[in-house]
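Visitor: Quick one: this structure, given as structure tokens, is what I'll be asking you about.
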Amino acid sequence: MIYKMTRRAALAGVASVAMIAAGATSALAEGWKPQKPIEMVIMAGQGGGADRLARLFQSIIQKENLASMPVLPVNKGGGSGAEALRYLKDSEGDAHKIMATLNSYYTTPLRTDIGVDIEEFTPIARMALDTFVLWVNADSDIQTLDDYVAAVKASGGEWKMGGTGTGQEDSLVTAMLEKEFDIKVTYVPFKGGGDVAKNLVGGHIDSTVNNPSEALGFYQAGKVRPIVAFTPNRIDVFPDTPTATELGHDIVYWMQRSFVAPKDMPAEAVAYYTEMFQKLSETEEWQTYTKDKALMADFLTGDELQAYFLEERNKHAAILADMEGDGSS
Amino acid sequence: MDTLALLADGFATSLSPLNLMIVILGVTAGLFIGAMPGLGSVNGVAIVLPLTFIVPPSSAIILLAAIYYGAMYGGAISSILLGIPGASTAVATTFDGRPMAQQGKAGLALIAAAVASFIGGTLSVVLFTLFAVPLADLALAFGPAEEFALVLMAFTTFVGLGGDDVLKTIVMICLGLVLSTVGLDLISGQPRLIFGDLPGFFSGISFLVLAIGVYGIGEILYTLETSRTAPQVTPARITLKELSAGMRAMNRLWKTMSLGSFLGFFVGMLPAAGATPAALMAYGIARSTSKEPHTFGKGNIEGVAAPETANNAASTGSLLPMLTLGIPGSPTTALLLGGMVMWGLMPGPMLFIEQPDFVWGLISSLYTANFAAVAINIALIPLFVWALRMPFTVLCAIVIVLCIVGGFAPSQKMHDVWLIAGFGVAGYLLRKADYPLAPLVLALVLGPLMEKSFRQTLIAEQGNVLAFIERPLSGTFIALAALFFVLPLVKYLRKGGSRSIAPAE
């Protein structure tokens with residue numbers, strides 16, 4: 001409790017300073033307003049990509065004074081987000097809790113029976129879609145997708161593909177690659193995308209499917225080379241990297257960055273948060289960040305978002321079934 | 001000298017009145033945050049992060065770095081005074097710091113911790129200044145095989161020691177390793193040992209929970225039993241004479257402290273490790289290279305100095321991969337990284353070239369933060385020692401409250417509080433049976449790292465175990481590990497098996 005109080009006090013202090021500085025507060029949603037600090041549950045541990053992004057949102061909300069109450073990020077990363085999903089399920093009707101999601105929002109309930117049906121949750125807003133790119137070390141001879149496939153085949157299954165934990169996004173993209181090109185790689189799981197990128201540069205693994213934000217620094221320093229992007233159109237930051245689609249291979253995969261709320265959140269509260277994220281998506285900070293990090297800002301809310309979630313869940317169920325059918329490691 | 005010119009420019013930034021004030025403010029806040037069990041540098045940085053918008057980015061990162069450093073110093077305070085690790089990085093400091101306090105040498109222990117932190121912090125910043133860029137390549141050379149070999153070496157320093165019963169030490173390491181497998185397995189993605197789906201076990205057992213349980217609660221139970229109602233905490237005083245005596249005592253510890261600094265800096269640099277393993281390794285190595293290993297765990301000043309130099313050195317070390325590679329070496333540096341992204345700075349290989357003002361301003365502020373931290377810390381020691389003079393009946397209740405708060409705060413789960421209670425009772429019983437507790441904590445800290453890197457190597461090398469020996473770096477570590485393991489055995493055989501029967505911990 002002491003911890004919570006000091007933290008709240010500190011944040012409240014910040015918020016009030018910001019309010020005075022801003023003069024008249026912006027009139028967000030006339031009706032309902034949060035009565036206490038808003039808890040932002042994060043489906044991942046501290047320091048990962050999802051956590052960093054959630055904290056970026058928090059700081060923009062605070063800086064631009066988009067909420068009348070402070071936002072408190074809370075990490076519940078246990079069990080690939082199972083902990084967060086269970087927590088949200090147990091918060092039915094709560095108007096002061098929102099959750100930042102990633103793709104484990106679908107895969108975790110599909111892989112382990114945790115008694116959660118994501119259809120029950122209230123969708124708030126999808127902020128962005130993160131992209132995936134196939135990377136090799138810049139010292140490697142591989143320049144094109146054909147080179148890559150040939151090299152993997154020549155290795156006889158010893159090609160080392162690094163990625164995040166088994167069953168998480170990177171391993172799904174790897175499984176899609178294996179299926180499409182009829183290749184077999186040795187998948188080496190690491191704890192986070194940054195760790196994966198470092199091991200590629202250090203020559204401990206042969207390729208990765210990192211998000212651009214994780215490999216961008218090394219790319220700019222000339223240490224890694226993008227081979228192909230798993231997006232429908234070329235990514236602005238890598239204009240010379242072809243997409244798999246344009247090479248005739250239908251592999252497109254996204255990591256969604258969205259916010260959802262507990263079941264039966266009051267409609268006025270849903271409207272409040274939707275508007276809050278709408279304003280957030282229009283801020284200059286967010287626009288710059290998405291451009292720099294090759295994120296696709298793609299704002300979506302309400303029923304459309306729910307439809308998107310359910311469609312994605314079906315897609316993931318199919319990919320997972322494929323992976324398990326192979327009996328691949 | 002390019003580096004020196006850049007550093008001078010950096011000092012011009014960090015010594016501006018605003019930044020100097022920020023350093024002092026940050027260090028003081030960090031000191032108290034670190035001293036508070038359950039609140040570590042991660043929380044400190046997280047709380048202050050949104051505040052940093054009101055100052056320019058270079059001042060903001062200086063504030064965060066100052067808090068980070070201050071917390072590293074502060075963690076030792078509750079480890080020594082109360083026997084509860086104030087921060088995860090200060091777990092190893094309780095091993096000898098607490099016994100020193102019980103012997104009435106709390107002041108000396110606090111001075112040792114402060115001075116050691118200063119030495120560790122400063123030596124590592126010097127290393128950082130001179131070799132930041134080439135050292136980043138060394139961090140890259142560390143793959144899973146090297147990580148495994150390094151962790152193995154840390155284990156052997158704990159096993160092959162005089163003093164504790166070797167068999168009991170191995171039993172405790174095994175127990176710790178079993179506890180470390182609880183939770184979601186990274187490689188297969190399946191939950192392990194979750195005791196019939198208890199959701200709390202999904203995220204594994206935090207070693208801080210174990211350390212607070214066995215050291216905080218277990219210690220209180222043990223003291224209650226041994227002292228009955230008579231308070232046995234020696235009232236500690238601190239005088240100027242003691243202060244200078246403390247400084248002289250530190251003079252003899254140069255070897256331990258420089259070893260701790262290098263080791264800490266190096267281990268901190270590895271993205272997977274960080275300051276906690278660094279401190280534990282430094283403790284183990286100080287103990288195995290000491291002439292009197294049996295005095296460790298009973299109030300040896302070296303046992304305080306070694307982990308404290310290492311954890312501060314590691315906190316500098318973990319900034320290195322964060323700045324040069326964009327990969328955080330610890331949860332706190334991950335938050336710093338987030339902060340930098342917010343201010344529009346892009347950590348990574350280009351940062352040193354594109355933002356020299358920022359980088360060197362930060363490095364120079366680390367020097368300033370170190371000076372400020374040691375000065376403020378030593379000035380406050382009498383206050384901390386005075387706190388120890390309250391009656392045991394009161395202190396005992398405060399310690400238990402702090403243990404519960406400290407266990408609850410990081411995860412905000414009652415599950416962890418129950419675990420602390422359980423570990424407290426277990427720790428008390430194990431202690432009565434003379435089982436050493438340090439290897440248990442060590443195994444829980446290093447176990448996940450060791451298992452992960454071992455399996456990653458075997459997967460990557462198609463099951464070829466020789467990979468660990470064939471690679472030059474990991475081969476060297478394995479050889480050292482073998483040496484650490486065999487050396488005490490040879491010593492023991494030479495003595496003709498006359499084993500020193502010393503009670504553990």
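Here the Cβ of each residue, glycine as well, is placed from N, Cα and C on the backbone.
Caution: TrEMBL annotation is automatic and unverified by curators.
Okay, these came from TrEMBL:
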type     : residues  : note
DOMAIN   : B:20-442  : domain 'DUF112'
TRANSMEM : B:20-39   : transmembrane segment
TRANSMEM : B:46-69   : transmembrane segment
TRANSMEM : B:75-95   : transmembrane segment
TRANSMEM : B:107-133 : transmembrane segment
TRANSMEM : B:139-162 : transmembrane segment
TRANSMEM : B:169-189 : transmembrane segment
TRANSMEM : B:201-222 : transmembrane segment
TRANSMEM : B:262-286 : transmembrane segment
TRANSMEM : B:325-346 : transmembrane segment
TRANSMEM : B:358-386 : transmembrane segment
TRANSMEM : B:392-410 : transmembrane segment
TRANSMEM : B:473-490 : transmembrane segment
Visitor: Short question: which residues 6 or more past the ends of the transmembrane segment (B:107-133) have a Cβ under 8 Å from it?
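Guide: Here the qualifying positions are 3, 7, 69, 72-73, 76-77, 80-81, 93, 96-97, 100-101, 236-238, 242-243, 245-247, 249-250, 253, 257-258, 260-262, 264-265, 268, 301, 304-306, 308-317, 319-320, 323-324, 352, 363, 366-367, 369-371, 373-374, 377-378, 381-382, 384-385.
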Visitor: Against which stretches of its own chain does the transmembrane segment (B:20-39) lie, if we need a Cβ under 8 Å and a gap of at least six residues from its ends?
Guide: 14, 48, 55, 59, 62-78, 82, 84-87, 90, 212, 216, 365, 368-369, 372-373, 376-377, 380, 384, 402-403, 405-410
Visitor: Considering only the recorded stretches B:262-286, B:392-410, B:473-490, state which has the highest number of Cβ pairs under 8 Å to the transmembrane segment (B:139-162).
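Guide: Answer, by Cβ pair count: B:473-490.
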Visitor: Mind checking which residues reach the transmembrane segment (B:392-410)? Cβ under 8 Å, same chain, six or more beyond either end.
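Guide: Tertiary neighbours of the transmembrane segment (B:392-410) are 36-40, 43, 78, 82-84, 206, 208-209, 212-213, 216-217, 220, 223-224, 227, 231-233, 416-417, 419-420, 424.
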Visitor: For the domain 'DUF112' (B:20-442), what's the model's average pLDDT?
Guide: 82
Visitor: Do the transmembrane segment (B:262-286) and the transmembrane segment (B:75-95) come close, with at least three CB pairs under 8 A (pairs 6 or more apart in sequence)?
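Guide: Answer yes: the transmembrane segment (B:262-286) meets the transmembrane segment (B:75-95) with 3 or more Cβ pairs below 8 Å.
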Visitor: Are there residues at least six beyond either end of the transmembrane segment (B:325-346) with Cβ under 8 Å to its Cβ atoms? List them, or say none.
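Guide: Apart from its flanks, the transmembrane segment (B:325-346) reaches 40-42, 45-46, 49, 52, 57, 60-61, 64-65, 68, 136, 139-140, 268-271, 273-275, 314-315, 317-319, 354-355, 358.
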Visitor: For the transmembrane segment (B:201-222), find every same-chain residue at least 6 residues outside the stretch whose CB is under 8 Å from a CB in it, and list them.
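Guide: Same-chain contacts beyond the ends: 37, 82-85, 88, 91, 94, 98, 179-180, 182-184, 191, 193-195, 276, 396, 399-400, 402-403, 406-407, 410-411, 415-416, 419-428, 430-432, 437, 440-441, 444-445, 448.
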